[in-house]
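Each remark here refers to the structure printed beneath this line.
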């Protein structure tokens, strides 16, 4: 019989085996005939053990051990079964969290979730017409086995079978949930701690064992490892501390508490050894992700005292910190130039070039971005897909280089790359910004088919509606039509889509051709109603609401604009002091006016509603049933600029007064107070410029000039804002007002824009002599 013995009454997987052979005198019962032996069946129940019976006629009985055998075996079997149950619970993944065993049925009424791995190939196949059958697809090679398989022998001997049981083996399918692998390491360390911990183990084996833990899992196991070192009364060596630091620096951001731990570990490392270049590189990377760039100068000073050269990785971390964390474009460019001209070792690679080009595109320096792109190509560096798509997006924003936008996108196909999700989003953005609604709708339809719709893509679709220009008013061709490849691309993809077959219930009108602006207004209203019902979280973005409201501003009337403005946005009153207002309404003496108003209302109600054709009836029902702001976005400065612009365009004085009053309330809110003083002043100046234009469109020139005169010392007025007022004054024959406006422009140009005065220029010419 196989006997299982517990060591010191502690559950462990260290097994001792002994063979006990009973004699024939164990029982007084008559012997039963033993049938011939058969092959053992491998189908056993969990925890069942079938003992072998062996007989020996010459063996003498041991009555003392025989008496204790049944009780000990029962206890040992009970303990073994309970321990096996514990291990099974750790090994068994949760069904609701297992991405391999659970299959969630998609909801066709909602925009589908993104599957980035399959979306790019599917969209590329749909657009290019080269989509292959799934049966002919070659399966991808299996991923490499996870780390942590090679455990030192003395630790493996202490753990027993648990080291092979919990760590995943090399199989054809290693797509195990990440949570399961993390729990394996946690259970492995806890079992090692119960089996004696680190006492008696060599430091080399312990360090080798801990080095096998993946950094993502090590980040959460640091307290347990420190506790094991303390129990064994062993000092933590500096390589282990450095492993802790490397695991804590994973991710895009580092919290202040994590930064305190990192500083503590670096102090422990410095007590055991001198800090080397690797330590300083990781330290600077940690401060960059913690957004404390000001402390980097002190670290660089320490390196200078120790005669440690600044490495290329340190420069790269500093450049990325200025670009993505500090948003300091100029200092990023200065550091980038230092990398190029300092030494050959610090020459920037294609990743640094890509980051700097992205920063130039973000700050609308397209010409500098193109210069860096051609410089990168001259040095023979590789060009990646994200760089080309970013340059295409940047060129579409520039009047000078917008014709090159689609050229960069088609270079992605020239390289033979499958466009990724970012490339498709930039493709949507370029078509939307150009006002090519037909192409934008088709690209979005393809993304619906491949379940790769993002909120950014949805925002670009609404943007295309706001940039739409009717064919009889459009003076320029679409940018894609200026390229021969673009003409073929647009023609083929428009013919390939049938809008009469909706995908996921998305309410595209069944036509690929856009006849007029009413089509755009109607479809945008239907899409907004569909999004309110299925994806209300999309509607809380202010940029999306601004594009939705701009559609009515450019293509609709005042009624449609005000309806969209009120139904899609609201004033966030957080931080606004509550003031009690009392309105006194005095009764009018002329009663016939009431009858006149009622007759006017009857006449207007009898007239047909022109907005009924362009407004979704479902949206009307939703707005009647929804009274809160859960489907609206809080208003910001840009939305108020659009509102005051609409008041001037449609010449609605009461709406302008309403927006002017509400904008004053908005300045008292927390959302406005959280802005920097520079941003607040910039937003106020933009609103003042639109207010001047609004009063000018209503022929209220004195009110417009009063706005300018009241803020002449605060805002840098220029001809860009005052040109409309000056031209209107000239048309109405108000020469004095036009002269006053010109004087304001001259004074502010000298004060804010650095232009020289006329008298100073004459003095300069006289001194110069020519």
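Just so it is clear, glycine is given a Cβ too, placed from its N, Cα and C backbone atoms.
Per Swiss-Prot, the range carrying the annotation region 'Disordered' out of 519-541, 542-564, 565-587, 588-610 is 588-610. In the repeat 'PPR 6' (636-666), helix, strand and coil residues by DSSP number 28 helix, 0 strand, 3 coil.
Per-residue pLDDT, averaged across the repeat 'PPR 3' (349-383), gives 94.
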